[in-house]
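In what follows, a single structure is set out as structure tokens and then discussed.
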Amino acid sequence: MTQMTEAKKGNVTPEMQAVAEFERVDVGKILNGLASGRIVIPKNINRDTKACGIGQGLTTKINANIGSSSKIEDIDLEIKKAKLAVDFGADAIMDLSTGPKLLEFRERIMDSVDVAIGTVPIYEAGVVTLNKGNEIIDMDEDDIFNSIIHQAKDGVDFMTLHCGINQDLVYKLQEAKRMMGIVSRGGTFLASWILHNEKENPLYSNYDYLLEIALEYDITLSLGDGLRPGCQSDATDTSQIQELVTLGTLVKRAQEAGVQTMVEGPGHVPLNQIRANMEIQKTLCHGAPFYVLGPIVTDLAPGYDHITSAIGGAIAASSGADFLCYVTPAEHLSLPSLEDVKEGVIASKIAAQAADVALGLDTAWEKEVEMAQARKNFDWEKQFDLAFDSVKPRHYRNKCELDDDEMCAMCGEYCAVKIAKGDF
Ligand SMILES: C[C@H]1O[C@@H](n2cnc3c(N)ncnc32)[C@H](O)[C@@H]1O
Ligand SMILES: Cc1ncc(COP(=O)(O)O)c(N)n1
Ligand code: MET
Ligand code: SF4
Ligand SMILES: [Zn+2]
């Protein structure tokens, strides 16, 4: 049973009901969205995950990535990051750990938050192989599928699976002479495996087996973009689009099988190409929810990539993307700190809300109206309460002590809002 197979039968699950109430839409809309593959609710049958709908007509959701790397492995810090991200409004957490203790990390992280948890099982397959003293290219098909099954049993709700990066596309990429080659970690694991073993990507050749596993546990597939562009000049190139065409065929097979499916997208994309990218994805991928990383709209701001991504994310979500993967100020430089996680989540929340306002969603507009009323009424506590970050604005407000609540230190006595209040 999956949320999708139930929806196809016309059965409303408690998760569909919860999503409808949260979004304040008719449950029939959620049912139809799930049945047609335009909405997903990532929730493994083995996990008590808070229901969260992602897709057409729903508010834009955001994901925060956390996890260890081979250079930094601190479980308590990663758990703090996961909790902080959820406190600041992350709808999902991806554990992207690749440190030697990744198995223990995933278990502890899954226990510490109740939002949907995503992973990239090929990382586990790779790290387990390395831990045995072998190279990543020595993985066999069983290693890959065993990681997927193991994580499915453990309750992982959605999985990034780079099913579209097949042998043909890897050879074509060698001819294409891209500026940045491959920047996807899972994508490089598989591409180098394909080249060295001269074999087809098992996630592509054994896709039907993958669908069987997903169906059994209700794993939401997040079809990975192994060939996403890693710089502005690689965006929307032949390799990226060829992979998307392949992903479109895989989406259709998953939807027919009753497996919930999203598609992952770029990456690094010039602002003027974002809308077209979203439209092409929706068309080629049969309306499946689109989960984008950024997009980063200029590569000249390392240290500020939460901003380059929020700009791209706002355009993306207002033109069709449904799920934004946060990017932190540490992107391209290091593992994020707690402060970086907070900034990444807030930047994504800004992008999501900006898009939802542009899309005319009632729930988004109501909050905007409430904030305007609080500003007009000089209700500072209400403003802090409505803010994505309630600490920072309070700190600014308190920097200058004022004996009058009806102004701030910007205009002081000449506060326009105060002067206008009686007359307008
Ligand atoms: C694909 C995306 O995942 C991010 N990413 C990869 N590994 C981690 C990690 N351990 N913690 C946080 N983010 C990570 C990259 O920075 C990129 O933005
Ligand atoms: C939106 C999105 N895209 C991709 C990945 C996986 O990362 P990678 O492809 O580098 O393994 C991810 N976690 N989220
Ligand atoms: C180019 S470094 C890898 C992560 C990167 N930001 C990306 O687009 O996927
Ligand atoms: S430069 Fe850093 S972020 Fe980019 S792929 Fe290499 S290790 Fe990952
Ligand atoms: Zn990048």
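Every residue gets a Cβ built from N, Cα and C, even glycine.
What TrEMBL records for Asn65, Met94, Tyr123, His162, Ser184, Arg185, Gly186, Asp225, Gly226, Leu227, Arg228, Glu264, Tyr291 is substrate binding site. Under the DSSP three-state reduction, Ser184 (substrate binding site) is assigned to coil, being neither helix nor strand.
For His332 (Zn(2+) binding site), the Cβ neighbour count at a 10 Å cut-off comes to 13, with all displayed protein chains included. What TrEMBL records for His268, His332 is Zn(2+) binding site.
Around Cys411 ([4Fe-4S] cluster binding site), taking its Cβ as the centre, 12 other Cβ atoms fall within 10 Å, counting all chains. In the three-state DSSP reading, Cys411 ([4Fe-4S] cluster binding site) counts as coil. The feature [4Fe-4S] cluster binding site is assigned by TrEMBL to Cys408, Cys411, Cys415.
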Distance, His332 (Zn(2+) binding site) to Asn65 (substrate binding site) (CA atoms, angstrom): 14
Entries of Tyr123, His268, His332, Cys408, Cys411 (binding-site residues) sitting next to ligand 2, with Cβ under 6 Å as the cut-off: none
Pairwise Cα distance for Arg228 (substrate binding site)/His268 (Zn(2+) binding site) [Å, integer]: 8
Assigned conformation of Tyr123 (substrate binding site) - DSSP reduced to three states: helix
Residues among the binding-site residues Asn65, Gly226, Cys411 that border ligand 1 - Cβ under 6 angstroms, in sequence order: Asn65
